[in-house]
């Protein structure tokens, strides 16, 4: 098992776009710097929040390079290299290693709905093509397939560089089973901001976060409070942050968080089709939540 330290607060970084919807690599560097200076221990580049399905391979590689150049060595840079195509994921994973990423995150294959054996073979085959540590990513609400705890247990046992999972099934029972059966040094991250504190109580490490774009320092404070034994403070911070945790999902992610970043003057641009811009009402909702929490 790898001793890699991904950190506790990892931001699933948005991908900035120019007005013509080309990738704004300069702004990606600026955003990565901002996030690291405001509570992020690491960054996932080209994950769900980074609109990976609408980025091509070359764009993803250039994003990996840009973020590594800006914050490599200061924060963990994790490349989102998973897809529904094992062969393509292998190619992208090798490129991520070449440009200096610290790890890769592999989302469960979406759309083609493999069996648990297919999931096992998919993840194992990709992981064996690289020396980088691998984080699995289970998000059945988007992929249509649930990576079951028994499958994760097999992978943890059989593939040394599969060292972590981002668990976003939204099921505390599943998290409990994962923590019960997995080795103690296998890292579990919450994939839902609103479940970070409950999952910490089950022995999970931290969060791969959307809200850390806006409230990274506050999320770090919540985790600090919990790990130091001040569970009352941690619970109070969780309750305080809960409106932003939920507010950033009033429509499809990353539409609200991009609106929030633009409100803060971070100029990340819009979203690529088939996603569409936040409505005026949605922007106002996000703005009000941010104002109430003094995040603007």
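Backbone N, Cα and C atoms are what each Cβ position is placed from, and that goes for glycine too.
Taking a C-beta cut-off of under 8 Å and a sequence gap of six or more, residue 137 (active site, proton donor/acceptor) has these contacts in its own chain: 47, 82, 105, 106, 107, 108, 165, 166, 168, 191. Sequence annotations record features per position, and here Swiss-Prot assigns active site, proton donor/acceptor to 137.
Sequence annotations record features per position, and here Swiss-Prot assigns active site, schiff-base intermediate with substrate to 166.
The pyruvate binding site feature in Swiss-Prot is assigned to 49, 208; the stated evidence is sequence analysis. Residue 49 (pyruvate binding site) falls within neither a helix nor a strand when secondary structure is assigned with DSSP, and so counts as coil. Within the same chain, residues at least 6 positions away in sequence whose Cβ sits under 8 Å from that of residue 49 (pyruvate binding site) are 12, 13, 14, 210, 253, 254, 257.
Counting every protein chain shown, the Cβ of residue 48 (site 'Part of a proton relay during catalysis') has 24 other Cβ atoms within 10 Å. Per Swiss-Prot, site 'Part of a proton relay during catalysis' is recorded for 48 (among others).
The site 'Part of a proton relay during catalysis' feature in Swiss-Prot is assigned to 111 (among others). Residues near residue 111 (site 'Part of a proton relay during catalysis') in space but far in sequence (CB under 8 A, at least 6 apart, same chain), listed by position: 84, 143, 144.
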Residue 48 (site 'Part of a proton relay during catalysis') and residue 208 (pyruvate binding site), Cα-Cα, nearest whole angstrom: 11
Cβ atoms near residue 166 (active site, schiff-base intermediate with substrate) (within 10 Å, other residues, all chains): 27
